[in-house]
Amino acid sequence: MSNTDLEELRRGTDLVKRGFAKMQKGGVIMDVVTREQARIAEDAGAVAVMHLESVPADIRKRGGVARMADPGGLEDVIDEVSIPVMGKARIGHTAEAQILEATGADMIDESEVLTQADDRYHIDKREFTAPFVCGARNLGEALRRIDEGAAMIRTKGEAGTGDVNQAVTHQRNIQRSIRKLSGMDYEERDEWAREHGAPRELVHETAEMGRLPVVNFAAGGIATPADAALMMQLGCDGIFVGSGIFGAENPQAMGEAVVAAVNNYDDPETLKEIAKSPGKGMKGQANETLPEEEKLQDRGI
């Protein structure tokens with residue numbers, strides 16, 4: 001076997017990484033801190049869980065530096081559930097991502113929810129076997145992350161607020177740009193790529209597909225079944241829910257309701273019944289009241 005073949009086996013290929021991400025399509029991925037929360041999430045119907053030290057709402061309250069969670073906690077969650085387990089690394093923090101991969105994370109989120117480690121560069125995700133998910137506010141950001149090796153994109157939204165406004169804004173930004181690209185000729189797409197700092201090959205691929213070349217989930221401020229249904233109606237492939245589950249009055253009921261809403265997002269009668277079931281949601285904070293320095297979505301390039 002040649003050295004090239006061995007190298008290909010050692011690292012997950014783009015095809016394998018994107019294939020794993022596609023397996024989560026149509027599902028809900030829930031943030032968890034403990035193995036007990038992971039069990040609740042799996043029982044509620046989550047397709048995967050995201051392990052972190054604290055949910056985003058608590059990270060906001062606590063302040064200070066937010067880092068990768070203790071890998072021992074990640075191991076506990078992996079032992080507890082049968083669904084995929086993801087972990088968060090700081091933007092640009094290659095060593096944290098290496099630790100998460102070595103611990104057994106099925107996917108790594110290079111996340112703006114944690115304190116940014118590098119102001120200029122993101123992790124080179126092509127050097128990892130584990131697939132990555134990254135946040136984006138617009139199509140240029142999304143395509144730059146995909147070029148670095150991301151297998152999944154999510155809206156950044158404004159995590160920990162319970163306000164879906166920014167997730168909606170980011171998804172509409174991405175969809176609007178894709179529609180615009182699809183109506184351009186080849187030279188115009190090249191010009192768009194230069195203006196937005198996006199890889200031209202990915203720009204052309206996106207225009208021809210009429211969507212991102214990888215799965216695109218909603219995240220950031222999704223707090224209710226109705227929020228989840230809205231994001232699916234806007235063309236998302238699935239949903240990340242952070243503080244909205246375990247910040248709710250009844251996490252099990254809220255988790256089940258969000259999963260049901262994603263499965264029935266285009267059926268208002270069923271959504272009406274689902275919306276009655278989960279009890280009181282998390283206490284939110286409107287995005288427009290946040291000071292600029294507290295907005296997590298601005299982290300990254």
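Here the Cβ of each residue, glycine as well, is placed from N, Cα and C on the backbone.
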Per Swiss-Prot, ASP31, GLY221, GLY242, SER243 bind D-ribose 5-phosphate; matching candidate in GLY73, GLY87, GLY92, GLY160: GLY160
Other CB atoms, at most 10 A from the CB of SER243 (D-ribose 5-phosphate binding site): 26
Lowest local Cβ density among LYS88, ARG172, which the record lists as recorded positions, within 10 Å: ARG172
D-ribose 5-phosphate site, defined by ASP31, GLY160, GLY221, GLY242, SER243: further same-chain residues with Cβ within 8 Å of the Cβ centre: VAL55, PRO56, ALA57, VAL113, ALA159, THR161, GLY162, GLY220, ILE222, ALA223, VAL241, GLY244, GLY247
Under 8 Å by Cβ from GLY242 (D-ribose 5-phosphate binding site), counting only residues of that chain that are 6 or more apart: ASP31, MET50, VAL55, PRO56, ALA57, VAL113, ALA159, GLY160, ALA219, GLY220, ILE222
Alpha-carbon spacing, LYS88 (active site, schiff-base intermediate with D-ribose 5-phosphate) to SER243 (D-ribose 5-phosphate binding site), which is rounded to whole Å: 15
GLY221 (D-ribose 5-phosphate binding site) in three-state DSSP notation: coil
